[in-house]
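Peer 1: Before we start, here is the structure in question, set down as structure tokens.
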Protein chains: 6
Amino acid sequence: MRPSGRTASQIRPISITRNFTAHAEGSVLVEFGETKVICTASASDGVPRFMKGKGEGWITAEYGMLPRSTHTRCDREAARGKQGGRTLEIQRLIGRALRAAVDLKALGEHTITIDCDVIQADGGTRTASITGACVALVDALTFLRKKGSLKTNPLKHMIAAISVGVYKGEVIADLEYLEDSDAETDMNVVMTETGKLIEVQGTAEGEPFSFEEMNEMLEYARHAVREITDIQKAALA
Amino acid sequence: MRPSGRTASQIRPISITRNFTAHAEGSVLVEFGETKVICTASASDGVPRFMKGKGEGWITAEYGMLPRSTHTRCDREAARGKQGGRTLEIQRLIGRALRAAVDLKALGEHTITIDCDVIQADGGTRTASITGACVALVDALTFLRKKGSLKTNPLKHMIAAISVGVYKGEVIADLEYLEDSDAETDMNVVMTETGKLIEVQGTAEGEPFSFEEMNEMLEYARHAVREITDIQKAALA
Amino acid sequence: MRPSGRTASQIRPISITRNFTAHAEGSVLVEFGETKVICTASASDGVPRFMKGKGEGWITAEYGMLPRSTHTRCDREAARGKQGGRTLEIQRLIGRALRAAVDLKALGEHTITIDCDVIQADGGTRTASITGACVALVDALTFLRKKGSLKTNPLKHMIAAISVGVYKGEVIADLEYLEDSDAETDMNVVMTETGKLIEVQGTAEGEPFSFEEMNEMLEYARHAVREITDIQKAALA
Amino acid sequence: MRPSGRTASQIRPISITRNFTAHAEGSVLVEFGETKVICTASASDGVPRFMKGKGEGWITAEYGMLPRSTHTRCDREAARGKQGGRTLEIQRLIGRALRAAVDLKALGEHTITIDCDVIQADGGTRTASITGACVALVDALTFLRKKGSLKTNPLKHMIAAISVGVYKGEVIADLEYLEDSDAETDMNVVMTETGKLIEVQGTAEGEPFSFEEMNEMLEYARHAVREITDIQKAALA
Amino acid sequence: MRPSGRTASQIRPISITRNFTAHAEGSVLVEFGETKVICTASASDGVPRFMKGKGEGWITAEYGMLPRSTHTRCDREAARGKQGGRTLEIQRLIGRALRAAVDLKALGEHTITIDCDVIQADGGTRTASITGACVALVDALTFLRKKGSLKTNPLKHMIAAISVGVYKGEVIADLEYLEDSDAETDMNVVMTETGKLIEVQGTAEGEPFSFEEMNEMLEYARHAVREITDIQKAALA
Amino acid sequence: MRPSGRTASQIRPISITRNFTAHAEGSVLVEFGETKVICTASASDGVPRFMKGKGEGWITAEYGMLPRSTHTRCDREAARGKQGGRTLEIQRLIGRALRAAVDLKALGEHTITIDCDVIQADGGTRTASITGACVALVDALTFLRKKGSLKTNPLKHMIAAISVGVYKGEVIADLEYLEDSDAETDMNVVMTETGKLIEVQGTAEGEPFSFEEMNEMLEYARHAVREITDIQKAALA
């Protein structure tokens, strides 16, 4: 039923390449099948103004797509002069998700800025971004610890994300572009390595979905995230 | 346990005032307790460029807060020169939710623009907006039918929305500001009058949440929406 | 001659509702007939940078119209990304007028921010805004005095505003939309409760006007403001 | 009493140089004492979208100050990325005033764009702009007639403008910067050559002003505009 | 003398990877040592408005740097809301250079949009961009020819670019970041494969440079471009 | 061959009027034939943030064209809300060139802001701007020395600029608009009074140019700048 011949719950091959570029404290190329995202984590001293004086750190994220990461060229947001609503929504999601992975008190007054730049898009860019960014974040935290800026490891747990959905009446996991653009329901799930939920965003693109479909999608997500967490850990080993 | 003394699943008094202002085809003041939002639905001929020639209609939404709808004054977005990420996220949600309530083919080449302007905020402004906007939308569709622009009623089903969350370890419904700003998990649910899901957006603000909490929140939402749908129908009667 | 049957000098019923919303230090709904504006006054410590170190306070104003306050929907300025020339002109007028009502030295280093948001427009929104904002300002000053932040009352005199004009060759007061859009001359007058002038802005929309018409318009304004001042005082009593 | 030794009603030397730059259909350097403004009128075929199909023409204006036209350098608005409220207010005034000088029907579907750029500022830039722009406009209309684009002269009457005010308790005419920055009341008056009023904008900067002062200011303006009209006509002769 | 031990005229290892991403008609990863740029060429029908009706094609370019392509993170231009002067200057240069490589008449009414996105920066990003973009352009032209949209090959000649400069008093070629940030003179040269000049941009960052240095820099550029052209041709073979 | 009848190497009459406007520390009207630019130099204490604490000064430049300095009216950049790429490129060039004329250490913590505003354009506005701005800069430095803010003269050498190009197959100097819009190659050269190069920007608009043409253009520039430097010195005498 799926264009790729995958089974309903089967995710695409996932690959995580660390140290992909030279300058960032953490730099990862993450691939979910044909979706490819460069995720960097930049560590800097100090925190944004609204966080000052709390003795806590901050994690924030920005997201972008190269204009020709997509089938037809999309506008360059820098040239248009503003980031679109979809971009803002995604980068807010990435930032929120990664903050949930870290004990901000233990991070102290440091800021980690995550940049997720899609160089090739085939569905699931936001879940690939979160998954790759978590690995880049771990590398940046390690950098800070080696440098002596952190006494303890502020990471509370790894996080990973997956898209699930209802496609031609069936629940499936890890939608690629062809499925995504035709799905009845599209849901992104961010979870901890311990199987708890951090973010659930489900949307009926066509028909409303039932509580049963909701539960089945969550189950598929649970299995996928378990698998992805193993890949993250292998990459970090 | 709740500041207001409400039970865990108890929603606030909800009031829906139709024809609140004079000019819009649909104009509603919706109140969820102390949260007050003016929702208008404006009908116009034609559709945006990207929809032209499909013989379908379009529904879009914009959202704003009066600067002093909040405890301390927030910046006027028009003066700052751009809408923030939260605003864009909310208005995209409202638009998506209402499009899911309507058969766009049956709407023909008409555009309905929803405006939700919060005049007083006490938590749940986006769910109140969706709830009120649906009633304004019904009035605007009725206007188009009376005018002879529509042959059939494009409304597929009423929709309504509610916030649920985990607060001090307990699942509760319809969070007011004091609860919202202190909740571990915050989830917005949009449903049809027939009990199906249109949108689920759950976020762990503090600790991750479990599948059990997820399910309990969805159950609370299901009951709340049933109640709210009755209030919408009474207002329209 | 007038669409409403009013006499030439007759103003519309004016209503002033204090404490219209909950959070602002001053919050007023002002109605000039079918024109309805929410005016809030927000008090905060400190002054903008250009006023620092003078030991004086500051009063500033912002103005907006809900997109569907008008007969046909107007663009949301926040979405367009800038405030139009008319909006800037009106909010500069409101701010200037209210600063003329207050002894800024006696206000000390506090800022009062006025927000005037039109929820329904039928002509005269700027004069209604000034009239309502003055009452909201008085409430905010009272708040500051009760809180002990001010030792004396910085209010020098109440102010109020009215539109006058030449319509079908006759001088009239308090133009509603139908008159306003068809008037030869349109003039807005802001005065003190003691009958002195703060601001006069007269524009020939069609034919130039004579010195005699100018004087007659000012006389109409003088009488109207006297009446409006009484309504303001009754509301504050 | 006046810094320049002028009498209360005495205006500064006014000079109008036509054909100041080469390319515009009308190009004028206007000087009110040390205030110097380049006013050009550009004629083009067609009208803006909102005027299309009415068979009428349009006149619009833009205003700017060179950054170092002022005592201390002011920001370049192009670099800041937006025109300030004062600029928008002035250019709206200039456009309105000049439209009142012309029979738009007789202008046919042509647009005249007025640009007023202050190269040296010493008070009264907006009144100098209107005065100079009217001469540039006449030249542009003559250009269109010579070219055969217009059959009749659409000019209804010349217009000119002057500032008047209350300074140290006395009414004076044509305020220079030192007076303007210290005046109790500042009023700009635009009149036709026939002595009728087009625009009156009076503002109490300090104390409110009386009806008597209002009348005296208008009288001063009437005499000044008569004088200025003669200078305009001499320049055009 | 050079940090890398290179001789004065020695360029870095250059690598050109075609089909680097999947969707663009031409997609190249170009590496000049540690400088890495993704260059895509997107072909579309039609031309921008200002080119319409001439029967000619158009080539335009956009340039960007990933925020962490640099040693310390630079702002994301999309988030700042505008492209900086350096970015605009570079993308105008790239577009001009590539238009000089193509017979726009032979291209017909097609637009080629070049995107150069720096993923890792170590000096010479603009010359690497032009060099890589030319290869991507050739692939896009081949695509159009295979598709039957072009009858002839519009390419007039390959182009390539190199930076040269004066560093510690010596003329050198292909400056890396350490050299670039410390050079007395920095010059970018774009040439055809036939050894003619398309663009020369030389800037004295510190001391002015002599006519002799100018000539020596041009000679170094001539040799480097000859070498680079061979690499481009090998990649295309 | 040239529209004006000039010989190939002949520059237009150049005139430099100092103290053109009253307020700036340096104010120059520079004319290269029909090209006229107002150049002001504004001196202020302190430096931009990125220069703080180095004990050095800063020179920056802004450039603009009056909307009707050109044959057909161009948009006002302040109204469009941003400066175009050409404007940014030119003002970056002017700033760089003038910084190369000054010993920033000797300037101490002062900023000189150059404004070049074109009031009439006929080709060569950027080279006229640099030439005029250098004179305005000298006046501003003299002002600072007279005021006692500078102990030594920070000027290292005068600079001047000229455009050269290839037009109808011939190398020519100081292109006017008719030549510029039709030239095969256009090159701007900035030099010191001592005959060294500061900036060379050559662009093939049509056919690529040869090394021989390059050299010939540089020779023409050398002679022209020598002549222009004399005119600058005469103006300053």
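Backbone N, Cα and C define each Cβ position, glycine as well.
Dumping what TrEMBL says about this protein:
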{"type": "BINDING", "residues": "A:ARG86, A:GLY124, A:THR125, A:ARG126", "note": "phosphate binding site"}
{"type": "DOMAIN", "residues": "A:10-140", "note": "domain 'Exoribonuclease phosphorolytic'"}
{"type": "DOMAIN", "residues": "A:157-222", "note": "domain 'Exoribonuclease phosphorolytic'"}
Peer 1: Within 8 Å of the centroid of the Cβ atoms of A:ARG86, A:GLY124, A:THR125, A:ARG126, which other residues of that chain place their own Cβ, given that this set defines the recorded phosphate site?
Peer 2: A:TYR63, A:ILE90, A:VAL118, A:ALA121, A:GLY123, A:THR127, A:ALA128, A:SER129, A:ASN188
Peer 1: With every protein chain in view, how many other Cβ atoms are within 10 Å of the Cβ of A:THR125 (phosphate binding site)?
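Peer 2: So the number of other Cβ atoms within 10 Å of A:THR125 (phosphate binding site) is 26.
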Peer 1: Same chain only, sequence gap of 6 or more: which residues have a CB within under 8 Å of the CB of A:ARG126 (phosphate binding site)?
Peer 2: A:TYR63, A:ILE90, A:LEU93, A:ILE94, A:ALA161, A:SER163, A:ASN188
Peer 1: Run through the domain 'Exoribonuclease phosphorolytic' (A:10-140) and tell me, per DSSP, how many residues are helix, strand and coil.
Peer 2: 45 helix, 43 strand, 43 coil
Peer 1: Given a separation of at least six residues and a C-beta threshold under 8 Å, show me what packs close to A:ARG86 (phosphate binding site) in the same chain.
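Peer 2: Sequence-distant Cβ neighbours: none.
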Peer 1: Per DSSP, what is the residue tally for the domain 'Exoribonuclease phosphorolytic' (A:157-222) in helix, strand and coil?
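Peer 2: Summed by class, the stretch gives 16 helix, 30 strand, 20 coil.
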Peer 1: State the count of C-beta atoms found within 10 angstroms of the C-beta of A:GLY124 (phosphate binding site), not counting that atom itself.
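Peer 2: Other Cβ atoms within 10 Å of A:GLY124 (phosphate binding site): 27.
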Peer 1: Please find which two of A:ARG86, A:GLY124, A:THR125, A:ARG126 have the most distant C-alpha atoms, given that the record lists them as binding phosphate, and give only that distance in angstrom, rounded to a whole number.
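Peer 2: With A:ARG86, A:GLY124, A:THR125, A:ARG126 as the binding residues for phosphate, the largest Cα distance is 13 Å.
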Peer 1: Across the domain 'Exoribonuclease phosphorolytic' (A:157-222), what does the mean pLDDT come to, as a whole number?
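Peer 2: Summarising the domain 'Exoribonuclease phosphorolytic' (A:157-222) by its mean pLDDT gives 97.
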